[in-house]
Ligand code: CTP
Ligand code: MG
């Protein structure tokens, strides 16, 4: 059994607001993408790596990854697409014929621990074809009534005011992370079916599991890890710097 990791690193990091694409921002001296690539390698369950780079930065990204002594698996860098979904699809086209399992991971989650990477990949290898890590949700979450003719018929709402439609049971909610692992054929099928719906950031899937769900196939959740939190804003970045120090790595 051979596993490919697609490491998404083609985003611009607009919400982080630094003057570099997010994946290249140094965390304790190492670019985020390199932290993530090292952990994928250290998991021992990843045989090859495809990294998506921002347009025009393929060779910069290659330089970062190819000369790192801790990234001991073959690395291919490809130009990403305009959405995360299309970046993953671009990465998938570079999977060698012998790959049967694909794990998709975000460079924006640089500290996802090796044990967690093993957990999702091994659960796929044990026969569950789509496996994602998730954490219990601490806040009560509300689902809003969609804006549209039905909502308007109830009376116009002022700007900044939304009506609540329902409250899902918190015990049934999970905040999901990456890495997400899949049987290769299933992930390819999910991306082919999802490609038509993904023209813009607003319509593209924000994770790969939702494309599998859209096929009507089962997706399974295993325990996530706080260390796998995503760096979106500057506050996340400073928090993760602190986590890294406490984690001793
Ligand atoms: N990503 C990608 N290709 C894109 C957009 C995003 O490979 N066209 C990757 C990012 O590099 C990141 C992951 O998908 O590792 C999650 O995306 P996000 O956190 O939204 O990162 P950015 O798109 O870089 O950030 P922002 O949305 O604030 O610009
Ligand atoms: Mg983004």
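From the backbone N, Cα and C atoms, a Cβ is placed for every residue, glycine too.
Nobody curates TrEMBL annotations by hand; they come from automatic prediction.
As written in TrEMBL, here are the features:
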SITE      15  site 'Transition state stabilizer'
SITE      22  site 'Transition state stabilizer'
SITE      170  site 'Positions MEP for the nucleophilic attack'
SITE      230  site 'Positions MEP for the nucleophilic attack'
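Feature map: TrEMBL annotations on the structure.
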residue	record	DSSP class
15	site 'Transition state stabilizer'	coil
22	site 'Transition state stabilizer'	helix
170	site 'Positions MEP for the nucleophilic attack'	helix
230	site 'Positions MEP for the nucleophilic attack'	coil
- request: Go through the recorded sites 15, 22, 170 and pull out the ones with a Cβ less than 6 angstroms from some atom of ligand 1.
  value: 15, 22
Statement: Cα-Cα, residue 230 (site 'Positions MEP for the nucleophilic attack') versus residue 22 (site 'Transition state stabilizer'), nearest Å, comes out at 11
Message: Taking only same-chain residues 6+ apart in sequence, whose CB is under 8 Å from that of residue 15 (site 'Transition state stabilizer'), what do you get?
response: 232, 233
Query: About how far apart, in whole Å, are the alpha carbons (Cα) of residue 22 (site 'Transition state stabilizer') and residue 170 (site 'Positions MEP for the nucleophilic attack')?
result: 32
- line: Minimal Cβ count within 10 Å, across the recorded sites 22, 170, 230, points to 170
